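To keep things clear, I will list the structure first and then write my remarks on it.
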Amino acid sequence: MSSALPTPTGPSAGPATGPTGAAAGPATGPVIPGATPSAALHPGRDRAVGLAIGLAAAAAFATSGPFVKPLLQAGWTPGGAIVVRLLIGAALLSVPTALALRGRFASVRANWRWILVFGLTGVAAPSTLYFLAVERLPVAVALLIEYTGPLLLIAWSWLRTRRMPAPGVLVGASLAMLGLVGVLDVTGAVALDPVGLVFAVCSALGNAAYFALSARPLTIPPLAMAGLGMWVGAVAVVLLGLVGLLPVAMVAGDVPMLGGEVPVWVPLLVIGVLPTAVAYGLSVISVRKLGERVASFVALAEVLFAVVLAWLLLREAPTLVQWLGGAAVVAGVALVRRFAEVSPDDLPPAAAHAEPVDEAAGRTPAARVTASADRPSPAPRR
């Protein structure tokens, strides 16, 4: 979930977002005068521009797996790659984070626990697990397994609340699971590493944690949550490397790519810039112009881009069965996002009631709403 960064969002003037990217209920606060989304002013033009930007964001997110695999083949460990990636991403987001927090530093103190949780479970864990999976599996297989994360939340909500999901959700979940059988190619035409599959499933759990965090209203700006969460994730993987729990090996020299060799800094720069700062910034603009739900569907194009990039860069061509299975997974997840709704009762208590913004943060209760168009789309962030 390629690792662009998820950001739990603040209270919204539009629909709240559930774990699957669907509307989760009514607005939680007043609309700020003059905060009309740009899509309301120029709907046709903004939708076309937003679609183009959303596709560009999906393509940027998709670069993570295909560009990290050559590093792994050259002797880098997933730990070494993720350390460099998160440090570059955190550095790039530092200035935007500081700007987003001007006059609102009290929001960091109010939400520090969720910043830590987000950094560990929404950034460090899924990013590292995805790279560990990509080391052993084709990029498309690892990505599609990770994309089943929202289905885990649906199952958890069903078990916890004893309420059956909507029929459309059940159809989508069934279609996605059937597609996953195709992706795994149980016919045996493709041998898949079982350890890699375990890592991919664990990355799906991290993806589910991302969606759960995205459903929790917080009072910190989304961009600041992304930047601070990135730093938490970077520090976490560095510490794991220092104590020996995460093997960190970095190899100088050229790496195999595009049928030849390229300097090692090329893939490092790509995974540190494109799937993080660039992709995140583009996704914010896309959601502003398209709205959350439409942007979340556009984000599914990440799978297609990842498959194409893996084929061009790594010569990883899925079998026909895997193509059909992948299409079913994407269609199933799209159905789940379309029909799933999460009520406040399905979420932890703090998710149903956002805590007021500290007056020291420069926000009064009447002005604490962040427009839903300011949120990044709920795509996996690896």
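Cβ coordinates are placed from backbone N, Cα and C, and glycine is handled just like the others.
In TrEMBL this protein carries:
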REGION    1-29  region 'Disordered'
TRANSMEM  48-68  transmembrane segment
DOMAIN    50-183  domain 'EamA'
TRANSMEM  80-101  transmembrane segment
TRANSMEM  113-133  transmembrane segment
TRANSMEM  139-159  transmembrane segment
TRANSMEM  166-184  transmembrane segment
DOMAIN    196-336  domain 'EamA'
TRANSMEM  196-213  transmembrane segment
TRANSMEM  225-252  transmembrane segment
TRANSMEM  264-282  transmembrane segment
TRANSMEM  294-314  transmembrane segment
TRANSMEM  320-340  transmembrane segment
REGION    346-382  region 'Disordered'
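Proximity of the transmembrane segment (166-184) to the transmembrane segment (264-282) is not established, fewer than 3 Cβ-Cβ distances being under 8 Å for residue pairs spaced 6 or more apart.
If you count C-beta pairs under 8 angstroms between the transmembrane segment (139-159) and each of 48-68, 294-314, 320-340, the highest count goes to 320-340. Secondary structure by DSSP for the domain 'EamA' (50-183): 114 helix, 0 strand, 20 coil. The largest share of C-beta pairs under 8 angstroms with the transmembrane segment (320-340) comes from 294-314, of the ranges 80-101, 113-133, 225-252, 294-314. Here the listed stretches are 48-68, 113-133, 225-252, 264-282, 294-314, and the one with the most C-beta pairs under 8 angstroms to the transmembrane segment (80-101) is 225-252.
Computed over the domain 'EamA' (196-336), the whole-number mean pLDDT of the model equals 83. Highest Cβ contact count with the transmembrane segment (225-252) among the listed stretches 48-68, 113-133, 264-282, 294-314 falls to 113-133 (criterion: pairs under 8 Å). Taken residue by residue, the domain 'EamA' (196-336) breaks down under DSSP into 104 helix, 8 strand, 29 coil.
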